[in-house]
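Below: one structure, written as structure tokens.
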Amino acid sequence: MAASSARAALTSIPLFHEKLRKSNRILAVCGAGLSAASGLPTFRGAGGLWRNHNAVDLATPEAFDADPGLVWLFYAYRRHMALNVKPNPAHYALAELARKKPGFRCLSQNVDNLHVRAHHPPSQLSLLHGSLFSLKCTTCPWTDPYNTADPLCPALAPAAESSPDPTKPLPLLDPSQPLADIKESELPHCPDCKKELVRPGVVWFGEMLDEQMLEDIDEWIEQEPVDMVLVIGTSSFVYPAAGYAERARTEGRTSVVTVNLEITGKDWESMAEGDFGFEGDASLLLPELLGPVIGEVKGEEEG
Ligand SMILES: [Zn+2]
């Protein structure tokens, strides 16, 4: 195929629709771009700063040990932000695809709870990095799977404020404004062991993903060939999407479909025949791409 007609095949919506209709075993891997379409800052990627801290440096067990008040403020702020945005049409489209295609499984790196709020069937959703709205004890097995208190405790109230002057950044986000020193005794403590601090139920850098969840995903991938891998809001050439796309690919059968705000020249070159790439906002693209299977979806949260 000439380069131009190869590219045309990669971006053809009718060809994608044809493949989608025939696909039963579909895996989606979702990344930060999906939540960005809801207006949520992601703090990921190069230079993602929160106050004057590199956000990546705050998302470690070491940072929590060193300054649990600061790390909790960062997470309390992210909880507050996530509660104040809504699932977008892409979340609803994926949830509907799960209802229409029982062989669809969605893996998401996002911790913002937006898939759950869009009623994605829980048995077809794996939250790879946990959730901002689950809590766990730093030491004993206690967990609270769903807690949306905002603020979580009085000491974390600065993270749940709205800006007194909308033209200025929230004092919490302005590194020139000092933070109140939060004592450990003011942070939530485990109701079970009554001794240790409670921490966010997310996977931090340097921590392992849930072993049982990973085993279940592996088992699903190995059961039968996968017809389609949808990579949404992240590149299909970076971890973990790249790993899943590679493992799920059966030559000549599996289409890897990238839906992302930006698809690089190198990404296009790396695509195989039968793959697809759609560049743009996932919240606009997914309802159109999945339309022939899901119909017109009016997403609404329950009251
Ligand atoms: Zn405990």
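One is the number of the first residue shown, and numbering goes on along the chain from there.
Including glycine, each Cβ sits where the backbone N, Cα and C put it.
Listed features, source TrEMBL:
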type	residues	note
DOMAIN	6-300	domain 'Deacetylase sirtuin-type'
ACT_SITE	His129	active site, proton acceptor
BINDING	Cys137, Cys140, Cys190, Cys193	Zn(2+) binding site
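DSSP classifies Cys137 (Zn(2+) binding site) as strand under the three-state reduction. Listed in sequence order, Cys137, Thr138, Thr139, Cys140, Trp142, Glu196, Leu197, Val198 are the same-chain residues six or more apart from Cys190 (Zn(2+) binding site) with CB atoms under 8 A from its CB. Secondary structure from DSSP puts Cys193 (Zn(2+) binding site) in coil. Neighbour density for the residue listed as 'active site, proton acceptor': within 10 A of its CB lie 18 other CB atoms from the protein chains shown.
The most densely surrounded of the binding-site residues Cys137, Cys140, Cys193, judged by C-beta neighbours within 10 angstroms, is Cys137. Cα to Cα, Cys193 (Zn(2+) binding site) and His129 (active site, proton acceptor) are separated by 25 Å. Annotated Zn(2+) site Cys137, Cys140, Cys190, Cys193; additional same-chain residues within 8 Å of its Cβ mean position, judged by their own Cβ, are Thr138, Thr139, Pro141, Trp142, Pro191, Asp192, Lys194, Lys195, Glu196, Val198.
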